[in-house]
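Peer 1: Here's the feature list from Swiss-Prot:
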- LYS166: active site, proton acceptor (ACT_SITE)
- HIS285: active site, proton acceptor (ACT_SITE)
- ASN114, THR164, LYS168, ARG286, HIS318, SER370: substrate binding site (BINDING)
- LYS192, ASP194, GLU195: Mg(2+) binding site (BINDING)
- LYS5: N6,N6,N6-trimethyllysine (MOD_RES)
- LYS192: N6-carboxylysine (MOD_RES)
- LYS325: site 'Transition state stabilizer' (SITE)
Amino acid sequence: SVGFKAGVKEYKLTYYTPEYETKETDILAAFRVTPQPGVPPEERGAAVAAESSTGTWTTVWTDGLTSLDRYKGRCYHIEPVPGEEDQYIAYVAYPLDLFEEGSVTNMFTSIVGNVFGFKALRAXRLEDLRIPVAYTKTFQGPPHGIQVERDKLNKYGRPLLGCTIKPKLGLSAKNYGRAVYECLRGGLDFTKDDENVNSQPFMRWRDRFLFCAEAIYKAQAETGEIKGHYLNATAGTCEEMIKRAVFARELGAPIVMHDYLTGGFTANTSXAHYCRDNGLLLHIHRAMHAVIDRQKNHGMHFRVLAKALRLSGGDHIHAGTVVGKLEGERDITLGFVDLLRDDFIEKDRSRGIYFTQDWVSLPGVLPVASGGIHVWHMPALTEIFGDDSVLQFGGGTLGHPWGNAPGAVANRVALEAXVKARNEGRDLAAEGNEIIREASKWSPELAAACEVWKEIRFNFKAVDTLDPS
């Protein structure tokens, strides 16, 4: 080997290894790389591998004290992106030794830390990660998962129904609890704190928790069904978050909520461990995700954030609607919905899945469809998301002309109609409107809802689309 030689060096000499055969313990990453002009693709791919593992910008003599070959990330494959000039997918393999066990925080600090501010790249985006079985096994994952949740709630054979309480800011705790009661009484399974309801001057968290618990018990007694309200425990410190979760448990609440990106993965994993130890379900909101995942050329795709959440832990996570007001293309969305729910997912580039992922029975996460959806969307949502999902109608419940409880009734009737039609073998995509119309004949609440929302559409092209194949 060559002795120590100072100076700046090309990354590709060390970090571009097309002959490398990936190990099943490696963490694999697919980056979409948009380089500065004049930098050859191998150098860019190698640069990403280096900066996100052992490399630094110059030769350092301490390299001689370790085995670079053992610890370095390797760019093992580069492919041009069809239809894009000068853009590549760089595949990088990281040896498992580089990562702390059971820490999503550490995994991200390594893989998407410094490298994203790197000058040689105009833009870089992490499209997908393959988490090896050996690493997955160091995580607890979701506190309970889909099957345990159904058993706890005694609800089978249909999607679950939720509603975010609006107006999201400004209600007093008692009025807030009243809205919760009306929705649950009308037929919803859950109501939800908005993600930015934490503990503000107009409604402190403890007051809200108390009135919501009262609403849950009252609605359960009247309907004979198990009800829940996602009590948002997100707080300014981890200690305060756990304090809120403890109080929720003392009230006998079935589920709490956390904003996992603004709260951070460390806090989220702590909350998930607390929830499993104490029998609480954990609803996860993805506030801030679009800052990270919306641009096609830079940032991180949501499927990576979704995988990270399954490792860190949550029983529900918001995953777009495909039909409402928020971003989500159908194939891409279904790709990461499967990554959240299923145990084994095959590589399938037509759905944006770059790697085969085996979760080795880590519990699944229920995808939550929420944002600009209403009764007319119900057949499409039932068709797209299937039974293992939570459909959330905020305005689509509370905007009902007769009030909150009738709004909840309308949604529950629409859902039961769609599930019944599906079980009879009808085509929900083609006959959706007809199914809702038929159901509205015997439900005045649904008929009124159909009238209000018959013209509402959110038609914009998605910003983040699949590459042409």
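Just so it is clear, glycine is given a Cβ too, placed from its N, Cα and C backbone atoms.
Neighbours and distances for these, please.
Peer 2: In the shown protein chains, 16 other C-beta atoms lie within 10 A of the C-beta of LYS166 (active site, proton acceptor). According to its DSSP assignment, LYS166 (active site, proton acceptor) is coil.
Under the three-state DSSP scheme, HIS285 (active site, proton acceptor) falls in the strand class.
All chains included, 25 other C-beta atoms sit within 10 angstroms of the C-beta of SER370 (substrate binding site).
The local packing around LYS192 (Mg(2+) binding site), expressed as other Cβ atoms within 10 Å of its Cβ over all shown chains, amounts to 29.
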Peer 1: Would you mind ranking the binding-site residues ASP194, GLU195 by how many other Cβ atoms sit within 10 Å of each Cβ and giving me the lowest?
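Peer 2: If we count Cβ atoms within 10 Å for the binding-site residues ASP194, GLU195, the smallest count is at ASP194.
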Peer 1: When neighbour density is defined as the number of other C-beta atoms within 10 angstroms of a residue's C-beta, which of the binding-site residues ASN114, THR164 has the lowest density?
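Peer 2: It is ASN114 that, of the binding-site residues ASN114, THR164, has the fewest other Cβ atoms within 10 Å.
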Peer 1: Any idea what the Cα distance is from ASP194 (Mg(2+) binding site) over to SER370 (substrate binding site), rounded to a whole Å?
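Peer 2: The Cα atom of ASP194 (Mg(2+) binding site) is 12 Å away from the Cα atom of SER370 (substrate binding site).
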Peer 1: Measure from the CA atom of HIS285 (active site, proton acceptor) to the CA atom of LYS168 (substrate binding site) and give the result in Å, rounded to a whole number.
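Peer 2: Checking the Cα atoms of LYS168 (substrate binding site) and HIS285 (active site, proton acceptor) gives a distance of 14 Å.
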Peer 1: Return the residues near HIS285 (active site, proton acceptor), defined as same-chain residues 6+ apart in sequence whose C-beta is under 8 angstroms from its C-beta, sorted by sequence, else 'none'.
Peer 2: GLU195, ASN232, MET257, HIS258, ASP259, TYR260, ILE317, HIS318
Peer 1: Would you mind ranking the binding-site residues LYS168, ARG286, HIS318 by how many other Cβ atoms sit within 10 Å of each Cβ and giving me the lowest?
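Peer 2: Taking LYS168, ARG286, HIS318 as the binding-site residues, the minimal 10 Å Cβ count falls on LYS168.
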Peer 1: Whole-number Å distance between the CA of LYS166 (active site, proton acceptor) and the CA of ARG286 (substrate binding site)?
Peer 2: 18
